[in-house]
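See structure below.
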């Protein structure tokens with residue numbers, strides 16, 4: 001049975017699946033994460049509903065999860081196929097395992113379907129159940145069916161025509177073996193790139209902070225370096241699990257954002273089901289490594305994960321509190337580096353870090369508000385800030401950034417500095433460079449040119465790179481004399 005290009009049989013009903021077919025997503029997981037974002041206790045309600053079956057869980061979530069049908073990642077090829085079928089005079093029906101309430105809302109938004117049938121809280125309309133329903137409704141061989149998964153084989157078996165969407169090669173061959181006219185939409189490739197992008201490896205740059213206690217304490221032994229490397233790996237894995245969790249919770253907000261809408265989970269390039277599995281897998285691997293580094297590091301890692309989880313569910317929507325939380329998360333990386341290596345942290349380093357990272361966190365929010373103002377919106381989606389807060393947030397970044405430089409200057413003039421540096425006067429140059437760099441970052445953000453996380457931006461910015469090299473050179477001069 002060869003592939004058929006845009007074949008239409010208007011005398012047949014075109015039955016369209018929803019999850020993974022009409023939309024590049026799964027409404028069960030969409031509604032689960034949407035409900036959890038609105039109220040974390042939704043997870044407990046889902047656990048209580050599980051004994052009653054998947055259909056009951058879907059009905060529960062349908063009543064709890066906010067849904068914007070316009071923001072869902074629709075498959076353009078499937079939409080075109082449905083429109084072509086209707087234009088030729090055929091009837092189109094949406095039949096899905098998604099709860100009826102959600103299916104109705106999606107169908108009403110599209111205006112392309114003559115009928116809509118979904119799960120009803122008792123029957124999960126999937127696989128054999130869907131096949132039996134369609135045979136009763138349209139008769140065996142009375143419809144063409146568009147689907148995407150092995151669960152649809154039971155439906156294709158009774159259909160007159162089979163259309164697959166982004167199906168892997170194995171499933172394509174199974175469908176063709178049924179002996180029906182077959183058409184394949186999309187690609188069978190399952191690229192690795194969306195999975196890698198979901199990990200946000202560019203954000204691992206922040207975890208370089210775990211090396212700071214080793215460098216600041218001049219403890220450059222091989223054993224200390226190995227411990228710091230393992231701490232970096234553990235933090236990177238746990239941080240990636242949090243990034244995936246954040247993206248799952250922020251699906252709606254990311255789809256409303258001009259750049260974040262292209263993230264793998266928001267765009268549908270990565271399955272939400274796979275993302276849901278990735279988060280705990282990464283977390284478990286990260287904590288295994290953390291446990292090998294000892295109870296102190298494991299404890300810090302647990303505090304980091306707890307804080308970042310609370311941040312994801314709640315704190316990120318609370319003005320100022322969110323900036324304090326981000327500053328603490330940055331600083332915890334330094335604390336973790338000390339815990340992994342057994343190096344005693346300097347009070348000076350902690351004081352500098354908390355003010356410096358508060359400034360960077362404020363710059364991050366400042367950048368978001370500048371972008372929102374440029375788009376003519378009033379507030380940040382999923383955040384507690386309004387455009388009118390921009391001036392205050394900018395002042396917070398300036399004040400905290402300059403205080404961090406003041407802490408550095410006081411440290412240079414303290415008795416402690418002479419124990420580590422033979423020529424501490426060179427450190428005054430670092431204060432000047434930091435003053436310049438912080439001021440430049442704030443001005444860049446004010447002009448609307450900060451399109452990344454400030455740390456990621458600094459890693460790609462040529463001027464920031466030069467500043468970093470100068471700081472390294474001055475620290476070396478101060479050490480070597």
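Cβ coordinates are placed from backbone N, Cα and C, and glycine is handled just like the others.
Automated prediction, rather than curation, is the source of TrEMBL annotations.
As recorded in TrEMBL, the features of this protein are as follows:
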TRANSMEM  224-245  transmembrane segment
TRANSMEM  265-283  transmembrane segment
TRANSMEM  289-307  transmembrane segment
TRANSMEM  342-363  transmembrane segment
TRANSMEM  390-411  transmembrane segment
TRANSMEM  423-443  transmembrane segment
TRANSMEM  463-480  transmembrane segment
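Between the transmembrane segment (289-307) and the stretches 224-245, 342-363, 390-411, Cβ pairs under 8 Å are most numerous for 224-245. When each of 224-245, 342-363, 390-411, 423-443 is checked for Cβ pairs under 8 Å to the transmembrane segment (463-480), 423-443 comes out on top.
Sequence-distant neighbours of the transmembrane segment (342-363) (same chain, 6+ residues past either end, Cβ-Cβ under 8 Å): 212-214, 216-217, 219, 224, 296, 322-324, 326-328, 330-331, 334-335, 393-394, 396-398, 400-401, 403-404, 407-408, 410-411, 414, 416, 438, 441-442, 445, 450, 454-455.
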